[in-house]
Every structure is written in structure tokens, then in C-alpha cells.
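Listed in TrEMBL for this protein:
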- 21-39: transmembrane segment (TRANSMEM)
- 51-67: transmembrane segment (TRANSMEM)
- 131-154: transmembrane segment (TRANSMEM)
- 174-194: transmembrane segment (TRANSMEM)
- 206-235: transmembrane segment (TRANSMEM)
- 241-265: transmembrane segment (TRANSMEM)
- 277-301: transmembrane segment (TRANSMEM)
- 313-383: domain 'PAS' (DOMAIN)
- Asp754: 4-aspartylphosphate (MOD_RES)
- His892: phosphohistidine (MOD_RES)
Amino acid sequence: MVMQEKEQSWRAWARSGGYSVVLFACVCGMLLFGGLAWVSLEFTRMDSRIAAVWVPNAVAVALLLRFSIPKEHLFLLSLWIGNSIANMVGGDTPFSAASLAACNAIEIQLAVSLTRAWCGPRPDMQKIGDLACFLAAAAIIAPMSAATLAMLALQDQPIGPLATWAKWAATDGLGMAIIAPSLMILIDALRDFTKPNSKRLAEWSVILVGGAIAMMAIFGQSAVPVLFMALPIIVLHAFRLGAAGTAIGIATAAFIAIEFTAAGLGPISALDASDTIKLIVLQVYLAAAFLMGLPVAAMLAGRDRALEELAAKQSEISLLTDSITDAVLHFDRERRCTYASRSVQQVLGSQPEDLIGQISVQRAHPESESQVTAVEERLLRGESEQERIVFRRQQDDEEGRPVYIEADCAVVREEAGGPATGIVVSAREVTDRVELEMQLTRARRIAEEAARGKSEFLANMSHEIRTPMNGVLGFAELLSESGLPPEQQHHAKLIVQSGRSMMMLLNDILDLAKIEAGHVTIEREATDLGELIRDCVRLHQASAQKKGLALTCEGARQGPYIITDDLRLRQILLNLLSNAVKFTETGSITLRHSIRDNFVNIEIEDTGIGIDEERLATIFDPFEQAESDTARRFGGTGLGLTISRQLAELLEGQLDVASAPGVGSHFMLRIPYDRAPDMPQPAAPKEAAVHTDIPIQPAHILLAEDHDINRMLVTAMLERCGQRVTVARDGEEAIEAVLGAFSESAPFDLVLMDIQMPGCDGYFATRTIRAEGIRASDLPIIALTANAYPEDIAAAREAGMQGHLAKPLAFADLVQALQRWLPVRIVEETSELATPSAHQAPGNDPAGTVHSPSLVEKWQVRRRETLDAVSAALRDDALRGEDAEALANLVHTLAGTAGMFGEAKLGECASELERSLKNDAQSGERRGLAKQLLETARTASSLKGQTADKE
């Protein structure tokens with residue numbers, strides 16, 4: 001530290017002093033180099049001009065590599081001057097002295113330049129790599145290069161040029177190898193000097209002094225050749241004193257060996273050889289001492305640094321693993337634990353030493369073993385690099401509750417891209433989180449079941465209330481038009497208005513329940529957007545004019561044609577317009593529509609009461625209105641906007657609002673623009689109104705029906721309409737009958753085709769007939785189905801049918817179908833047309849038809865068989881699989897027949913049960929519908945019994 005401070009002050013002084021400092025450095029260098037050169041020449045010269053060990057170059061190189069000397073070229077020039085003066089003092093001619101000094105300067109510059117290029121500006125002599133590079137540059141390349149030049153200046157030497165080259169390279173190289181590294185090590189040691197303790201100081205003193213005495217003893221006698229004894233002493237310096245002590249020991253040994261040998265003492269002087277041989281032996285000895293010392297010290301220093309770094313890394317790892325709360329473990333390829341941190345005690349409940357050697361799955365609960373094994377196999381097979389797993393620990397807590405562990409696992413590889421050698425795991429306890437997730441999952445499931453139950457309850461209640469409300473409204477309307485006194489007539493009209501409000505509420509609740517239950521399907525078809533919007537505006541025009549509001553529409557009057565659900569889009573717009581008219585007292589309502597960015601944008605803007613900003617976020621929630629008193633002032637359920645937004649989302653769009661109190665509201669509907677052809681396909685003709693007094697053309701009709709009671713009923717209805725009926729009991733008979741009639745040129749005029757028949761159903765039969773080339777214009781086919789849902793009607797049309805009649809079959813619907821589809825023929829005036837009478841079939845009530853006793857008896861038998869089968873299925877829990885399919889066929893017959901015998905409610909229940917059995921509904925839902933069917937049958941039987949008692 002003291003040396004570093006001195007060097008820093010020297011540098012600052014050098015920067016501030018300028019050329020005066022350079023001059024001072026050059027003078028000092030000249031004097032030092034000249035003095036060392038003279039000493040080397042005077043005290044180490046034997047029989048030639050070349051010294052045994054050349055010290056000045058090594059000292060110069062060490063100084064240049066350890067100190068920042070300004071103007072190095074001037075400093076080298078001063079060294080050349082000092083060297084030249086020393087050579088001339090030693091007896092060389094001026095030319096020879098200058099030439100040899102120039103060779104030394106070149107050697108110094110080459111050694112410094114190569115070392116800096118290979119090792120950096122400050123090579124570390126305690127690193128074996130830097131030491132090797134320095135020896136190659138300064139002890140081999142530079143001396144040999146200088147020796148080549150020096151041969152020209154030393155031509156007068158008696159030993160010859162090659163020997164001169166070798167001696168120069170050896171002596172300079174030896175100095176570079178011994179003096180320069182030792183001096184750099186000593187400079188570094190002085191810079192980092194710390195006062196040693198007494199024990200360490202004593203050790204240094206004993207080894208250095210003892211080593212010097214031993215070296216003097218070795219070289220102070222010539223009787224016994226014990227040169228080998230010096231090498232263990234140098235090695236002792238390396239092991240006990242490090243690089244600095246070794247440098248001092250080598251320098252001391254070299255000095256003693258050279259001086260004693262030069263004085264004619266020691267084993268080398270006792271050799272019977274020339275001075276040249278003795279010089280070579282001395283140089284070899286010094287090189288061996290160096291190779292036994294500094295390289296060993298450098299390797300030992302490298303080992304110490306590696307051990308220190310390893311200890312530091314281990315300390316860091318221990319600090320991390322001991323401080324973190326996660327348990328860190330390592331498993332080899334055999335899945336045995338090879339390392340466990342101290343924190344495993346808190347996480348896994350075991351001591352670290354207990355886990356060593358155990359297989360990983362031994363710490364997992366049996367229910368989690370397969371899960372843990374699967375993750376390990378994926379990692380070790382290379383299918384993934386990282387995995388996260390949550391498993392149950394083998395040991396439960398003190399109270400016996402399960403403990404759950406979350407583990408992050410990663411593959412360990414010895415080299416990138418190599419095979420997996422193990423798995424490292426970081427684990428933590430997550431019991432609280434897992435329990436919370438379980439609670440949330442249970443809560444969500446309960447909430448979903450509650451929401452589903454609520455939706456089903458609302459739908460059922462709405463359906464149940466709708467039936468009596470229809471009666472209330474109907475009779476109230478009749479009562480209001482029956483010539484009552486004004487006050488009573490007013491009361492009757494209030495009943496009608498209240499009933500309609502009640503029906504609106506039921507419709508909204510039913511729609512919301514269907515949406516939430518996911519029972520609303522989107523039927524996309526080509527729709528004239530402009531015409532749809534105009535229709536919606538026209539429907540509310542009268543209400544707006546009655547309040548003095550201006551209701552306007554901006555946009556194209558017709559088109560564009562888009563693919564969307566006409567009914568659902570119309571429902572959204574009607575809701576929004578209804579709200580706008582309801583909540584606007586004065587001003588205007590504007591509806592505008594446009595196409596932008598592949599979206600249909602429909603905006604409805606009014607000047608109504610507006611909505612507070614606080615309520616905008618909840619305005620689309622069920623039963624929400626703009627203000628708390630809005631319902632009292634304007635009425636309504638608060639479901640319209642909820643339904644509208646959810647319908648918009650089903651259309652893959654969105655509904656937003658911007659509003660301010662007293663200014664008005666601005667609703668923005670945005671749905672995808674899916675362009676359709678400008679001329680959409682014509683819709684199916686609407687069925688005409690029922691006029692049973694219109695004569696019906698007598699015709700030949702094929703009735704395809706597998707149920708005997710239905711065949712008898714429909715046949716009786718057709719015969720009362722004056723029709724000739726041929727019966728087919730299944731689809732195959734119907735196909736044969738139609739094809740046979742066409743082959744005999746006596747085709748049927750109409751086919752009434754039941755959809756669900758054994759073997760060949762109505763769909764397949766119709767497709768087969770159409771495939772034979774019999775067109776709809778040649779033979780209309782009407783579907784008879786107990787399931788008149790949109791998808792059933794669409795399937796019938798796709799199969800090639802022209803219409804449908806829903807079971808239970810109403811006489812008026814049958815008459816309307818005959819009027820619509822039977823061909824019109826020109827008949828003679830004397831011909832009689834069949835005219836159905838009112839007493840034969842009153843309105844739409846099939847129960848009004850009088851059935852024969854045998855037919856009623858057959859119906860009762862089939863009714864009882866079906867109900868017994870449903871009861872047995874409930875008792876035996878046979879509402880799934882093949883049993884459910886067979887039961888669905890029985891219930892289908894009941895659904896299509898019950899209404900014809902005055903039990904319409906029983907037929908509806910049978911239809912719902914049939915649909916659930918075919919659509920893979922939940923077991924609970926099937927059981928509920930089956931119980932509802934049996935209860936409805938018992939109620940109907942009880943009511944009939946009470947009626948019979950009264951009669």
C-alpha cells in the first residue's frame with residue numbers, strides 16, 4: 001500500500017514536472033545501468049568479454065514492466081549512454097562499446113514489447129502462463145536476437161562467432177530468467193507489503209539466513225561435489241515463503257554461486273576443465289535452480305488462488321443455501337440425492353444428512369409418486385429443460401394435515417448440449433396456497449352450480465307462469481271487449497297492461513337464463529342491414545311521436561347485406577330503441593349506422609335523462625338502472641341492457657355507452673362485418689293464416705308413421721278433410737310406396753313423413769326419394785316431428801322436406817298445410833270440394849277431436865307402458881347408455897301422441913325428457929325430467945278422475 005501511494009505520487013510529480021522529471025529519470029537510469037554493467041563486467045568476467053550473468057538488461061526490463069516511465073525512448077537512450085561509458089571504462093573501444101550497448105538496448109526494447117503484447121502491460125510472475133510468456137520473450141527471443149547482432153561487434157573474440165553467440169544468449173537469457181522475474185516479484189511484494197506476525201517473520205528469517213549459509217557451505221569448499229544440495233533449499237523457499245521468498249532465495253543463490261566460482265571456490269571451480277566449460281556448468285546450474293524455484297512458486301501461488309476462489313465460491317453458495325427459505329437439492333441420473341441444503345428441514349421435514357442417498361420419490365406421498373416420476377423422466381429424457389410440480393409431502397404436519405410442496409426442477413449438464421447428468425430442485429411449502437386454490441375451485445364449482453340452478457329455476461318458473469298468464473291475458477282482453485261499463489272496462493284494460501308487463505318480465509328473465517346457461521345458438525344468415533334497422537325504427541316511431549320525440553335514422557336505406565343472426569341483432573336494436581324512447585322526455589333520438597374497419601358500427605344517441613359516470617360501470621349488470629328511482633319513474637326490469645350486451649358478445653361484437661346526466665346517452669354497437677351477396681336467398685314462404693272454411697282439393701296422401709295411435713288419429717283427420725290416405729309404417733315402406741306410385745303413373749299428391757321411425761328414419765327416406773329425381777314440385781314432403789326446434793326444422797329442410805307439423809298435431813295446422821301444399825286442379829262444376837267443419841276440429845285444440853273407444857283404449861295401454869318404463873328406469877338408474885336410447889324411443893311416441901288425447905302438458909314433458917336422453921344431459925337433469933313426467937301423468941289422471949266423479 002505504501003509503495004502504491006509512492007508510485008502514485010511519483011506519477012503525479014512526473015506529470016507536473018514535465019521534462020525535468022524525464023531528465024532526472026534518464027540520469028538515474030544511465031547511472032544505474034552503467035554501474036550494473038561495470039560491476040557485471042568486472043566481477044563476473046572469466047576468460048572472455050562476455051559476463052557469466054548479465055544483470056543490467058534484466059533490471060531495466062523489470063523496471064519498465066513495473067513503472068510508468070515517461071518518454072521511454074529517451075530513457076532507453078540514457079541506458080545506452082550508461083552502457084557505452086561502462087564498456088569504455090572496461091577497456092572497449094568507443095565503436096565496440098557503442099555497438100554492444102546498442103545490442104543491449106535492442107534486447108531490452110524487444111523483451112518489453114513482446115511481453116506487453118502477450119501478457120499485458122503488467123505481467124504477473126506468480127501466474128505460470130505469464131511467467132512462461134515472459135521467459136519466451138525476454139529469456140529466449142530477445143537475447144538470441146541481440147546475440148546475432150553482437151557477433152558483428154565481437155569478431156575479435158578467441159572462441160569464434162558461434163560460441164560468442166551462444167555465450168551472449170545464455171548469459172543475457174540467464175539474467176532475464178533469474179533477475180527480472182525476481183525483481184518484479186519483489187517490487188509487487190513491496191507494494192502489497194503487510195507487516196508479518198512474529199511467527200511468520202521468524203520463519204522467513206530462518207529459511208533465508210539458513211539457505212544463504214547452506215549455499216555458502218556448498219560453494220565454500222571444493223572437496224565434495226554437493227551442488228544437488230542447493231536444489232531442495234530452493235524448493236523449500238518456494239513451498240514455505242512463496243514467490244517473494246523464492247525470488248530472494250534464487251537471487252541469493254545465484255550471487256553466492258557466481259562470486260564463489262569466480263573466486264576459484266566451490267564444486268564448479270574444482271572441475272578439471274576450461275573456464276568456458278566452468279561458465280557453462282555454472283549457467284546450467286543457475287538455470288536449474290531457477291526452474292526448481294520460480295515455476296514451482298508460480299504453480300503453488302496459482303493453486304492458492306484457486307483454493308481461495310473455491311473457498312469464496314463455496315462460502316457464497318453456503319451463504320445462499322443456508323439463507324434462502326427454499327430447499328435446494330441435487331439428484332443424479334439414478335435419482336438419488338447427492339446434496340441437500342439446511343433449509344430442507346423446514347420444507348421437507350427431514351435433516352439434510354437423512355436425504356443423502358435417498359431416491360426422490362421416497363419423500364413424496366404415495367398419491368404423488370407417479371406425478372413426481374413422470375416429471376423426472378421428462379427431464380432426464382431431454383423432453384424438457386425445466387418443470388414445475390406441486391405434490392404432497394410424505395410427512396403430514398403435526399396435526400395430521402397434508403403438506404404440499406412446489407418444486408422447480410431443472411436439468412444439469414456437464415457441458416452444453418451434452419446428456420443430462422442430474423436434476424437440481426428448488427422446493428418450497430405452498431400448503432396455504434394449495435388449500436386456498438382448492439377452496440376457490442370448490443367455491444367456483446358451487447357458484448357455477450348455483451348459477452346454473454338459478455338459470456334453470458328462472459327458466460322453469462318463467463315457463464310455468466307463462467301458461468296461466470296467457471289465459472289471464474286472453475280472458476282479460478275478451479272481458480275488456482264484452483261491453484262492460486266504462487269503469488269496469490278500464491279495470492279490465494289495466495289487467496291487460498299489467499299482464500303484458502308481467503309477460504315482458506318473464507321474457508327478459510327467460511332470455512337471460514338461456515344466455516347464461518349457454519342455450520342460445522346463433523343462426524347466421526344473409527341480412528339486409530338497412531332494412532332491418534328501418535324496421536326497428538318503424539316499430540318505435542309511433543311511441544316516439546306520441547311523446548313528441550324526433551326519431552331519425554341515418555345511413556343507407558337498403559343494404560349492405562351481412563351474415564349475422566337477424567333475430568338477435570333485431571332484439572338488441574329494439575331494446576336500445578325502447579330504452580331511448582322510454583328515458584327521453586324531450587328532444588330527439590338518432591340511429592346511425594356505417595361500415596368502418598371491417599366492422600358494422602351502429603350508434604343510438606338520445607337527449608334523455610343520461611347516466612351518472614359512477615353508474616356507467618354497472619349499467620350492463622342485471623337489474624341495474626341509471627338511478628335508484630328510475631324503475632319507479634319509468635318502470636322496466638333492468639335486464640334489457642344486460643341481455644343486449646351478452647347478445648352482442650355472442651355475435652362476436654361489443655356494446656358500449658357514453659353518457660352524462662341531463663345531456664343524454666350514446667350507445668355504440670360494434671359487430672364484425674361479414675359481407676353477404678347483395679341478393680340473399682329468398683326466405684321460405686310464411687304459412688298463411690288459418691281459414692278452415694276454404695275448400696280443400698281432394699288428393700291422395702301418403703302417411704308415413706310408425707306409431708299406430710298416431711296413424712289412426714292423423715288418418716281420421718285427413719279423411720275428415722276429404723283426403724284418400726295410404727299408410728306406411730316406416731321409412732322403407734314409404735320409399736317403396738312413393739317409387740311404386742310414380743312407376744305406375746299414379747303418384748301421391750303429398751307425403752306426411754314422421755321423422756323418428758325405426759330402421760329407416762324420415763330424413764333418410766326423404767333423401768332417398770329426392771335422389772331418385774322426384775322433386776319438391778312433383779311431391780311435397782311435410783315433416784311430422786315432436787321436436788319443433790330450429791335445428792330440427794333446419795335438418796328437415798336440408799333433407800329435402802318443404803314444411804313441418806309439430807306434434808301434438810293440431811287440426812287447424814293440418815288444414816293450413818293441406819291448403820298450402822296440395823296441388824290446385826281445375827275441376828268440373830259438379831265436383832264437390834271438402835270443407836272441414838268447425839265442430840269437427842275446433843281451432844287448434846286437438847283434444848276437441850272425438851276418438852273411438854278402441855283408439856282411446858290403445859292410447860291408455862301405450863301411455864301406461866311408457867310410464868311404467870320411465871318409473872322402472874328411475875328405480876334401476878337406467879337413464880344412460882343403451883337403456884336410455886330405448887327409453888327415448890318410447891318417450892318419443894308419448895310426446896307425439898299425448899296432445900291428441902287432451903294431455904298437452906304430458907306431451908311437453910315427454911318431449912323434454914326425450915331431448916335430454918338424446919343430448920347426453922347430466923344424470924341429475926334426466927332424473928328430474930323423468931320425475932316431472934311421472935308427476936304430470938299422476939296429476940292428469942287425478943284431474944280426470946275428479947271430472948268423472950262430478951259427472
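Note: Cβ is positioned from N, Cα and C throughout, glycine not excepted.
Predicted automatically and left uncurated, TrEMBL annotations should be read as such.
Since the structure is predicted, the reported quantities are computational estimates derived from the model, not experimental observations.
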Original post:
How would DSSP class His892 (phosphohistidine) in three states?
Top reply: helix
**OP:** Would you mind checking how many other C-beta atoms are within 10 angstroms of the C-beta on the residue listed as 'phosphohistidine'?
**Re:** 28
Original post:
Looking at 51-67, 131-154, 174-194, 206-235, which one has the highest count of Cβ pairs under 8 angstroms to the transmembrane segment (241-265)?
Top reply: 206-235
Original post:
Secondary structure at Asp754 (4-aspartylphosphate) (DSSP, helix/strand/coil)?
Top reply: strand
**OP:** For the transmembrane segment (51-67) and the transmembrane segment (206-235), check the count of CB pairs under 8 Å (sequence separation 6 or more) and say whether it reaches 3 or more.
**Re:** no
**OP:** Would you kindly give the Cα-Cα distance separating Asp754 (4-aspartylphosphate) and His892 (phosphohistidine), rounded to the nearest Å?
**Re:** 11
Original post:
What is the number of other Cβ atoms found within 10 Å of the Cβ of the residue listed as '4-aspartylphosphate'?
Top reply: 28
Subject >> Winner by Cβ pairs under 8 Å against the transmembrane segment (131-154), considering only 21-39, 206-235, 277-301 >> reply: 277-301
Original post:
the transmembrane segment (174-194): which same-chain residues, six or more beyond its ends, come within Cβ distance under 8 Å?
Top reply: 1-4, 7, 53-55, 57-59, 61-63, 65-66, 111, 123-126, 131, 134-135, 138-139, 142-143, 243-244, 246-248, 250-251, 254, 283, 286-287, 290, 294
